[in-house]
Each structure stands twice: as structure tokens, then as C-alpha cells.
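Report on the following structure.
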Amino acid sequence: MPPLLSLHLCRLWLRSPPTRLLGALHPDRDPGNPALHSRFVELNEAYHVLSREQSRRSYDHQLRSASPPRPPGTTAHPNSAKQTHSSSWTHPNAHYWAQFHDVRPQGAWARQQQHKHNQRVLGYCLLLMLAGMGLHYVAFRKLEQVHRSFMDEKDRIITAIYNDTRARARANRARLQQERRQRQKQPPSSPSSP
């Protein structure tokens, strides 16, 4: 069982001791297994740390702090300092924090330079955003202009078709009226006698 898991299990059973789990890991169950003893000790230490309000706050503070916490047996409570066994517990993020071991804290000048650099980056981001907005505006105006010219051309074509159709309809009506007048002007033909 990983050490962090044992701490989380103790958080779940904070009100009553996890006697079943402690009983399952008790060293007397398998005296020849030294790993069982170390797991039992880790779980027992984790329970003692998390069962007391003061030590639990200290542990939570250590987890949130930038430096990895010390093993539970050394900082849990005053009685645990008397224990002489060695704990193999390491912070889960110890590898992550190890990469910052040689990093020195920044002085005022370095912080000021970093602040100026951050302001410059922010300014560039704002300029880039404004340029993007300008390009979008220009592209939208161009698209609107193309759309308007397309609609104007479409309207011109529809108007031309309408005017042409109307002119043909007038011409047809005039022709039909002329034919009707011609028919009316013609004398009726006399019926042929047999």
C-alpha cells in the first residue's frame, strides 16, 4: 500500500480507528515480512497524525507549502519524536520539487525585471488581439461589400428579366388588340348559297 494511500485511508476513518485495516497489516500476522511491519508503522503514524486536529492542520499546511513535508514520524506530534525507527515515506511530489533545489530566490531587481517582461508580454498580447479584431472588421466589411455587389447584380438581372417580360406582355396585348380590331373591321362573309 503506497504511503499516500494510507494517509487518505486514515482520513476516511478519522472518527473510529481502522482496526480491521490495522489488524490486516499487523506484523504478528506474518512475522517474517519486514515490509508488512513498515507498512503497519506508516499507517499507524498516519492515523496518529490525522486523528489530532493540530497535527492534521500541520500536515495540510505542509502539503500546500512549496517545500515537501518532512516524514510523518518526525513532525506529527511531540510523542512521535521519541520514536527511533526510520520511515521510508517520501512526499509524492519530491521529484518535482527537487528540480528547484538550486533555484535561488529572486531579488527586488530580478522581480522588477520579471514584472517589466510580463507587462511587455501582456502589451504584445493586447496588440495582437487588437490587430486580430481589426482584421476581422476589415474582412467583415469586405464580405459585406461583396455581398452587396452580388445582391445588386442579382436585383439588376431580376429587374431586367421583369422589364423584358413586361415589354413582351405589352407587345402581345397590343398585337391581340390589333387582331381583334381587324376581325371587327372585316365585313362578315356572306353565306354561300347552294
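Each Cβ is built from the backbone N, Cα and C atoms, and glycine gets one as well.
Since we're looking at a predicted model, the values are computed, not measured.
What TrEMBL says about this one:
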| type | residues | note |
| --- | --- | --- |
| DOMAIN | 1-63 | domain 'J' |
| REGION | 54-89 | region 'Disordered' |
| COMPBIAS | 54-63 | compositional bias 'Basic and acidic residues' |
| COMPBIAS | 76-89 | compositional bias 'Polar residues' |
| TRANSMEM | 121-140 | transmembrane segment |
| REGION | 169-194 | region 'Disordered' |
So how many of the residues in the compositional bias 'Basic and acidic residues' (54-63) end up helix, strand or coil by DSSP?
10 helix, 0 strand, 0 coil
Stretch-averaged pLDDT - the domain 'J' (1-63):
68
